[in-house]
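> Among the features that TrEMBL reports, heme b binding site is placed at His200. Among the features that TrEMBL reports, Ca(2+) 2 binding site is placed at Thr201, Asp249, Thr252, Asp257. As annotated by TrEMBL, disulfide bond applies to Cys39-Cys120, Cys72-Cys77, Cys126-Cys325, Cys207-Cys233. Sequence annotations record features per position, and here TrEMBL assigns signal peptide to 1-27.
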Amino acid sequence: MAAAAVKKLQVLVACALLLLLAVGCRASPLQIGFYHDRCPQAEAVVKGVMMEAISQNPGNGAAMIRMLFHDCFVEGCDASVLLDPTPFSPTPEKLSPPNNPSLRGFELIDAIKEALEVACPGTVSCADIIAFAARDASCILSAGKVHFEVPSGRRDGTFSNASEPLKFLAPPTSNLSDLVDSFVVKGLDAEDLVILSGAHTIGRSHCSSFVPDRLNAPSDINGGLAAFLRDQCPADAAPGGNDPTVMQDVVTPNDLDRQYYKNVLSHKVLFTSDAALLTSEETARMVVDNANIPGWWEDRFEKAMVKMAGIEVKTGDQGQIRKNCRAIN
């Protein structure tokens, strides 16, 4: 009787372990070091190109971090944002208003892909290139304070439509509820929203993204910043028209750091979506912690970037490995 009970317990434990392994495999289809045997130099090639590009223009790093966000929130992290228009698909994601004309870095992705095709033809996906480039940009622009491994093994998607970004990329005029909802639907949460918003400490913005609701309408924007921005931006700034760009963080514009949160607290941020982080006790407390505790934001940004880079990925026999990041095979 005792032996039978032990045998039954052993079977139950074995089944539980198999279930845990199966769940783990489904939850983590990507691997750190995926290209270790397939293309050992893959990540070094990406980093080399990124270091050179950022040394020429720090905005190249900001562009890669933003590209990861815009790719992963639409169709998952599958490089669908890179696809050019074709007669069969005349309006891909890159032509959608959230991406056009503000999303940059396509030529940089081309340069990385070209170098990888020389090193390891047909091996490294464009989706992984975006993830590696965003990871390296984070490290370089933070002077090594943001440093993390990013799992890889993503495959490239074959579908891209300009209607999709409008569904999933919340505009900079969004309130906190809409912002949180846009993250929750992708498996992220309010803390991920606050942490990833910290990337607004680098890069530039078109005036049309904030002039109508922050300068031409009542807002809580700092008076000094508002006066500075009115000198830079026409009151009728509009996409496709007279629409200059300005730095998102005028204090440390080329450093990936926690200055963004200090700017939020002093109302020196561009977007309604930035100011919205102070409209709930929970997110406002996060802003204060990120602003005041050294290393607090950097540690959480690393984890949030890895989490975002795992959204709805295609792996295994899904998708393809594009030879040209701008076109399906």
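Heads up, the Cβ atoms here are built off N, Cα and C, so glycines get one too.
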> Around the Cβ of Thr201 (Ca(2+) 2 binding site), how many other Cβ atoms lie within 10 Å? Please give the count over every shown protein chain.
27
> Name them in sequence order: residues not among Thr201, Asp249, Thr252, Asp257 whose Cβ is within 8 Å of the mean position of the Cβ atoms defining the Ca(2+) 2 site.
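The surrounding set, listed in chain order, is Ile202, Val251, Pro253, Asp255, Leu256, Arg258, Gln259, Tyr260, Asn263.
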> Just give me the nearest neighbour of Cys233 (disulfide bond) among the recorded positions Cys72, Cys126, Thr201, Asp249, Cys325, Cα to Cα.
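So, spelling it out, the nearest of the recorded positions is Asp249.
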> Specify the nearest of the recorded positions Cys72, Asp249, Cys325 to Cys120 (disulfide bond), where nearness means the distance between Cα atoms.
Cys325
> Please identify, among the recorded positions Cys39, His200, Cys207, the one with the smallest Cα-Cα distance to Asp249 (Ca(2+) 2 binding site).
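Comparing Cα positions, the candidate nearest Asp249 (Ca(2+) 2 binding site) turns out to be His200.
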> Per 10 Å Cβ neighbour count, which of the disulfide-bonded residues Cys77, Cys120, Cys233 ranks highest?
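Going through Cys77, Cys120, Cys233 one by one, the largest Cβ count within 10 Å is at Cys77.
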> Least buried of the disulfide-bonded residues Cys39, Cys126, Cys325, going by other Cβ atoms within 10 Å?
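Each of the disulfide-bonded residues Cys39, Cys126, Cys325 was scored by Cβ atoms within 10 Å; lowest is Cys39.
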> Given the disulfide-bonded residues Cys72, Cys77, Cys126, Cys207, Cys325, state which is nearest to Thr201 (Ca(2+) 2 binding site) when distance is taken between Cα atoms.
Cys207
> To the nearest whole angstrom, state the Cα distance for the pair Cys39 (disulfide bond) and Cys126 (disulfide bond).
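Each residue's Cα considered, Cys39 (disulfide bond) and Cys126 (disulfide bond) end up 14 Å apart.
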> Where the distance is taken from Cα to Cα, which of the recorded positions Cys77, Cys126, His200, Cys325 turns out closest to Asp257 (Ca(2+) 2 binding site)?
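Result for Asp257 (Ca(2+) 2 binding site): the nearest of the recorded positions is His200.
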> Which one is it, among the recorded positions Cys72, Cys77, Cys207, Thr252, that lies nearest to Cys126 (disulfide bond) by Cα separation?
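Comparing Cα positions, the closest of these recorded positions turns out to be Cys77.
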> Using C-alpha atoms, which one of the recorded positions Cys72, Cys77, His200, Thr252 comes nearest to Cys325 (disulfide bond)?
Cys77
